[in-house]
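*Asks:* The structure's right below; bear with me while I get my questions together.
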Amino acid sequence: MGKNREMRLTHICCCCLLYQLGFLSNGIVSELQFAPDREEWEVVFPALWRREPVDPAGGSGGSADPGWVRGVGGGGSARAQAAGSSREVRSVAPVPLEEPVEGRSESRLRPPPPSEGEEDEELESQELPRGSSGAAALSPGAPASWQPPPPPQPPPSPPPAQHAEPDGDEVLLRIPAFSRDLYLLLRRDGRFLAPRFAVEQRPNPGPGPTGAASAPQPPAPPDAGCFYTGAVLRHPGSLASFSTCGGGLMGFIQLNEDFIFIEPLNDTMAITGHPHRVYRQKRSMEEKVTEKSALHSHYCGIISDKGRPRSRKIAESGRGKRYSYKLPQEYNIETVVVADPAMVSYHGADAARRFILTILNMVFNLFQHKSLSVQVNLRVIKLILLHETPPELYIGHHGEKMLESFCKWQHEEFGKKNDIHLEMSTNWGEDMTSVDAAILITRKDFCVHKDEPCDTVGIAYLSGMCSEKRKCIIAEDNGLNLAFTIAHEMGHNMGINHDNDHPSCADGLHIMSGEWIKGQNLGDVSWSRCSKEDLERFLRSKASNCLLQTNPQSVNSVMVPSKLPGMTYTADEQCQILFGPLASFCQEMQHVICTGLWCKVEGEKECRTKLDPPMDGTDCDLGKWCKAGECTSRTSAPEHLAGEWSLWSPCSRTCSAGISSRERKCPGLDSEARDCNGPRKQYRICENPPCPAGLPGFRDWQCQAYSVRTSSPKHILQWQAVLDEEKPCALFCSPVGKEQPILLSEKVMDGTSCGYQGLDICANGRCQKVGCDGLLGSLAREDHCGVCNGNGKSCKIIKGDFNHTRGAGYVEVLVIPAGARRIKVVEEKPAHSYLALRDAGKQSINSDWKIEHSGAFNLAGTTVHYVRRGLWEKISAKGPTTAPLHLLVLLFQDQNYGLHYEYTIPSDPLPENQSSKAPEPLFMWTHTSWEDCDATCGGGERKTTVSCTKIMSKNISIVDNEKCKYLTKPEPQIRKCNEQPCQTRWMMTEWTPCSRTCGKGMQSRQVACTQQLSNGTLIRARERDCIGPKPASAQRCEGQDCMTVWEAGVWSECSVKCGKGIRHRTVRCTNPRKKCVLSTRPREAEDCEDYSKCYVWRMGDWSKCSITCGKGMQSRVIQCMHKITGRHGNECFSSEKPAAYRPCHLQPCNEKINVNTITSPRLAALTFKCLGDQWPVYCRVIREKNLCQDMRWYQRCCETCRDFYAQKLQQKS
């Protein structure tokens, strides 16, 4: 098995892609790319990620910060920037599979081996190393020279613990993994390590960095600075936990239903880089927990009290009991972790230490999940690495026996104030509490009740924590999944049962699920409601008292920064993270900055977006910032009481109708809607000015924005919206010109219309009914006349059919008059014809032989929706129209199956004595748009345009300012813009003419270093201020006048004789020196047309021979036809006309046939004219049954029977 896998790995490595991982100067990872559409990936992190001490001066120092992490604003951390040169990729030998350990017969089954096409890959990349200063920044384009790094030195002793500035403990990491960009905001977090944490090796191999920490006053945790915790930005509920100890990156990301793992490979040949393995496990709810799959004890062993087996199901009746006192908010589990000799030997002592601490950091974060409602902190006091198995400790296949032995051993070691107590009592005092939990990590494949290997990965005593001889856990090393195993087993040790034991929680996939422990069907990192109640039941019991007896010094003082990320990274810097260093925030979209971050890349005219809002804390207005996609005040709003509504949120759109919402906090533990006595969230319609003409529809805009998000840089794939009637509030998009709808998002943005017609609007992914009165949830509806709550009697319906079947070109169907509503034109069947529509102006659909794609068009004052799916078409418009519309059909030679149209027009006008009073319009001044910035750099201003608007019947339009002359016009709003400093650059004039008109000469130009002022004026600057070398001011040239001209030959005949083709000619330079001017070279080929030989003779098939025996004749049809149109003509050459007749020779006629026994074919042909078989289905059977002799059958199958007689004659002859 190992050899086969190794061969596959070697093959895969030869075709893998490897990309550069780099950093911006502010510590943000700018590029970390993976090969697309793979469940398992490999990436090589550059040498800049190696953890090397760096002093503030740039040389080697004593900082414990990993070299690849730079805290924003922190001191003492290295600055690293990606090298811009190309990289060489080569394959290397793969890491061999795990060897059997102590009689183990096969490799581990958890996690399962990768399937076909998902094998591990190992690559090594040559990186540009650091300069002499250790971790100095490498600028793009630096020389690709390097020296091998010096031999590894033992890390120096860490400095005393210091309180780092909050800004220096966070880093923003960008990972474009699995076809999407993930932005991780990580904070340094070593809270799981106690200040007196120590690592001990038994027996002690001697002094070294991992030797026993026996000093009476050990320093701060030596590994606390290389652990990071955080989440994925804009993904609430996500979790990220990583370690950078040792120079690599190890940990996991939980995002929705995916678990993404990153771990370094053991590649000692990688001198300048660290190969890493990146893979994911996706949650699958397809595996229902059946009776077979519910046997989770196969993977997890739970030992209850001695001699008393634990019940498989937990009674539900006692779970509703509430206790009168409130639980404390924080519990601490002071833990000792032991690694068995097989674990230490497999990884190596130093690597085992880093790996185990990484796992424990992940376990710490699993217990921090808010679903527990109680804070449970893992505090690691000591890590013991066993190089030899103690005589009194049993490590073997029998899991229950091993657990019992380990509990007894740890009690002897830590249960009596000898060892760890004696080391720490000097500083902690004699009242120090005992160890709360002990964990043994082993490489031994064990089984619960059998002395043989099996699939069990963890075993623990149920509710054994704090008990002297039952506070034990054993977990098998199965990679990064070990963190989930330890968290799961610690849950058992704190009295938490499997979710499968609770009928109400058996269907979920949480940490305590029986499926979860396998590591094959991970759910999420939350704890179920049943686990929460089991834990609360344990914490309320006296068995949990030790978790409250925590020494204050064991609480790590690392503080999580409270600063929002948008306060650290401006909008311009966030754009640089998304689109590169030449990007900046698009000032034109300042008014909608919180709904989506729009960026402009230098050199491009249009703004880009990825539809994601900016980071929380980004400035959006004076005294306001963005939070959760909304522009809110920086001053925190007072918390409202339970059940009290919050303020209405800003409108989801800036033009046209949108959605606004408000929420309220609900009483109860779960804050569910049922505790609110009504909905927890309410929505309402908010009106805005109409969107400017010419902009794409809101749904199309979302698709177009997504096209920038997913397209490759070389080929921008444009998308257009496709409406799915079953899921109107999901975003389906199709490439322009193709009918291939793809679901790009489960939810469209709030305020998107549910369809092309109607008022219904999408809110939170659901279509909300909107009445014609503009109220959400209203039952008011327009009648087909367009009257809200009307009776349908104010208009009449005009409908009809158009059945013009054949023709070519545009044919007018009808003219739809002005004032029409509810226009609908539908093809009866798919056809090759095209519907066309045109108003009195220049607006049209499918006119002038130009066929449009599906979309919305503005014609005659209304929005017309055109839909084409294959050959079927539909046109619809709500109206009313302000001008007549001409409906046409573009016909071809194919069949047109007709179309149906209908619309409504107002009924007869009111009598003269009646009048309909028109509603009075409302005029007001509004800020409609922003002017351009008055400076391109150096700081400028931009103002709003104040326009007079007319509001009438909920329609808003811009009118002449005279309408608002009696109103006070507000001052325009002013904002600063383009505050970036103006750059210096070289400016050159045009080259002067060559000094000689023929032959070699010189030409010159003026070169100066210039700088642009804020008003656009260019001034001369010092040459040393310009970047790059000074361009040349003189160059050699050669006069062109003495050069001879090109000589062109005669055009050849056209390449085709019927249609468009190409003709050629020869062009040569007559100058002996061959220095003719290429720009004046005549063309050698051009298009041509020749229709001289379009008519050709077309021949039909030869007919059958005129007789059945002897000599006869055959004929065929000869026609003169046009090659392209297929029309008949008389322009074919008669000399080239093929023959229409030819003789045919069959076998000689046999005159010996007895005419009394068989009907002669000639006689039959004379008496009956054969027009073909009348029963073609049965004629073959009649022939086989020899019924052709009967004249009755012959008449019905004369054609088949002729051949029958011919065979008979041939056989007898």
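Here the Cβ of each residue, glycine as well, is placed from N, Cα and C on the backbone.
Swiss-Prot feature annotations, pasted as is:
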type	residues	note
REGION	49-161	region 'Disordered'
COMPBIAS	110-119	compositional bias 'Acidic residues'
REGION	192-215	region 'Disordered'
BINDING	C300, H488, H492, H498	Zn(2+) binding site
DISULFID	C407-C472	disulfide bond
DISULFID	C447-C454	disulfide bond
DISULFID	C466-C546	disulfide bond
DISULFID	C505-C530	disulfide bond
DISULFID	C575-C599	disulfide bond
DISULFID	C586-C607	disulfide bond
DISULFID	C594-C626	disulfide bond
DISULFID	C655-C691	disulfide bond
DISULFID	C666-C676	disulfide bond
DOMAIN	921-981	domain 'TSP type-1 2'
DISULFID	C994-C1037	disulfide bond
DISULFID	C998-C1042	disulfide bond
DISULFID	C1009-C1026	disulfide bond
DOMAIN	1045-1089	domain 'TSP type-1 4'
*Asks:* Please report the three-state DSSP label of C599 (disulfide bond).
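*Replies:* Reduced to three states, the DSSP call for C599 (disulfide bond) is strand.
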*Asks:* For the domain 'TSP type-1 4' (1045-1089), what are the same-chain contacts with Cβ under 8 Å, counting residues 6+ beyond its ends?
*Replies:* 1123-1124
*Asks:* Which one is it: of the binding-site residues C300, H488, H492, H498, whose Cα lies the shortest distance from the Cα of C626 (disulfide bond)?
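*Replies:* Checking each of C300, H488, H492, H498 against C626 (disulfide bond), the shortest Cα distance is to H488.
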*Asks:* Using C575 (disulfide bond) as the reference point, find which of the binding-site residues C300, H488, H492 has the shortest Cα-to-Cα distance to it.
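*Replies:* So, of the listed binding-site residues, the one sitting closest to C575 (disulfide bond) is H488.
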*Asks:* Near C472 (disulfide bond), which residues of its own chain have a C-beta under 8 A away, given they sit six or more steps off in sequence?
*Replies:* L403, F406, C407, Q410, A437, A438, I439, L440, A460, Y461, G464, N493
*Asks:* If you average pLDDT over the domain 'TSP type-1 4' (1045-1089), what do you get?
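*Replies:* The average pLDDT of the model in the domain 'TSP type-1 4' (1045-1089) works out to 86.
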*Asks:* Would you mind ranking the binding-site residues H488, H492, H498 by how many other Cβ atoms sit within 10 Å of each Cβ and giving me the lowest?
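*Replies:* Comparing Cβ neighbours within 10 Å for the binding-site residues H488, H492, H498, H492 has the fewest.
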*Asks:* Rounded to the nearest Å, what's the C-alpha distance separating C994 (disulfide bond) and H488 (Zn(2+) binding site)? Just drop the number here, would you?
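*Replies:* Pair distance, Cα basis, whole Å: 83 Å.
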*Asks:* Can you tell me which of the binding-site residues C300, H488, H492, H498 is spatially closest to C447 (disulfide bond)? Compare CA atoms only.
*Replies:* C300
*Asks:* Sequence order is fine: just name those recorded positions in C300, C454, H498, C546, C599, C1037 with a Cα within 10 angstroms of C586 (disulfide bond).
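*Replies:* Qualifying among C300, C454, H498, C546, C599, C1037: C599.
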*Asks:* So what sits near C691 (disulfide bond) in its own chain, CB-to-CB under 8 Å and at least six residues off in sequence?
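*Replies:* For C691 (disulfide bond), the qualifying residues are C655, S656, F698.
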*Asks:* Please count the residues of the domain 'TSP type-1 4' (1045-1089) that DSSP assigns to helix (H, G, I), strand (E, B) and coil.
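*Replies:* In the domain 'TSP type-1 4' (1045-1089), the DSSP-based counts are 3 helix, 17 strand, 25 coil.
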*Asks:* Through the lens of DSSP with three states only, how would you label H488 (Zn(2+) binding site)?
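*Replies:* For H488 (Zn(2+) binding site) - judged by DSSP and reduced to three states - the answer is helix.
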*Asks:* Between C-alpha atoms, which of these binding-site residues comes nearest to C546 (disulfide bond): C300, H492, H498?
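*Replies:* Smallest Cα separation from C546 (disulfide bond) among C300, H492, H498: H492.
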*Asks:* So, by DSSP, how many helix, strand and coil residues make up the domain 'TSP type-1 2' (921-981)?
*Replies:* 4 helix, 31 strand, 26 coil
*Asks:* Nearest by CA distance to C466 (disulfide bond): which of the binding-site residues is it, out of C300, H492, H498?
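*Replies:* Going through C300, H492, H498 one by one, the Cα closest to that of C466 (disulfide bond) is H492.
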*Asks:* Rounded to the nearest Å, what's the C-alpha distance separating H498 (Zn(2+) binding site) and C599 (disulfide bond)? Just drop the number here, would you?
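*Replies:* Spelling it out, the Cα of H498 (Zn(2+) binding site) and the Cα of C599 (disulfide bond) are 49 Å apart.
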*Asks:* What is the number of other Cβ atoms found within 10 Å of the Cβ of C1026 (disulfide bond)?
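*Replies:* C1026 (disulfide bond) is surrounded by 20 other Cβ atoms within 10 Å.
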*Asks:* Just to be sure I understand the packing, how many Cβ atoms besides its own are within 10 Å of the Cβ of C586 (disulfide bond)?
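*Replies:* Excluding its own Cβ, the number within 10 Å is 19.
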*Asks:* Measuring Cα to Cα, how far is C1037 (disulfide bond) from C998 (disulfide bond) in Å?
*Replies:* 10
*Asks:* Going by Cα-Cα distance, which of the recorded positions (C300, H488, C607, C1026) sits nearest to C599 (disulfide bond)?
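*Replies:* Result for C599 (disulfide bond): the nearest of the recorded positions is C607.
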